[in-house]
Amino acid sequence: MKNLCGIDEAGRGPLAGPLVVAGVILLEDIVGLNDSKVLSEKKREKLFDEIKEKSKYHIVFSDAKLIDEKGISFCLKSSILEIIENLKEFSNSFLMDGNTNFGIQILQKEIKADAKYAQVSAASILAKVSRDRFMDEISPLYPKYDFHKHKGYGTKAHIEAIKEFGRSDIHRHTFKLKALGENEIGVQKSLF
């Protein structure tokens, strides 16, 4: 499937930072592609530049404010639609890792596609590295949170920082934490 466009995301579950979705059509074979989660940071960084050199690609960022306003599913779907719109002249076949196509007829879906298809692996790497670099770049602006260490994910240290300092403007305010006494509808439980 030479003209297949692989699509994957990074940042669906973190407490802070953007959702990043990438679409990739490989123009040349690239050795070493795999799901970004199983590759070392060094390997992802090396492959990132090679993927950009040897592909047609499009990357979409949805910030925390948009995620809070519209929801993660809306952001994911609108990002996929933007990718399809930007890459449709190069491909008529779009495949995403996962179990839903969000009602987008042209989009095929397959669980673990990021480990099975080079194009989806490449998209996984572009999304992950783009998001990680963004979190590293903004970390000095939010020194209390150490985003460069956990990239906004819900680590123990990150949750402790939220407990101490509250959420910043790049935190997802609609993502509630049981560790903070928040329930599923966002109301703090009574202390009495």
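Glycine is no exception: its Cβ is also placed from the backbone N, Cα and C atoms.
Under the heading divalent metal cation binding site, Swiss-Prot lists Asp8, Glu9, Asp97. Sequence annotations record features per position, and here Swiss-Prot assigns domain 'RNase H type-2' to 2-187.
The number of other CB atoms found within 10 A of the CB of Asp97 (divalent metal cation binding site), across every protein chain shown, is 22. Neighbour counts were taken as the number of other C-beta atoms within 10 angstroms of each residue's C-beta; across the binding-site residues Asp8, Glu9, the minimum falls on Glu9. Asp97 (divalent metal cation binding site) carries a strand DSSP state (E or B). One way to see the shell of the divalent metal cation site is to take the Cβ centroid of Asp8, Glu9, Asp97; the remaining same-chain residues with a Cβ within 8 Å of it are Ile7, Ala10, Val21, Ala22, Met96, Gly98, Ala113, Asp114, Val120, Ala123, Ser124, Ala127. In three-state terms derived from DSSP, Glu9 (divalent metal cation binding site) belongs to an extended strand segment.
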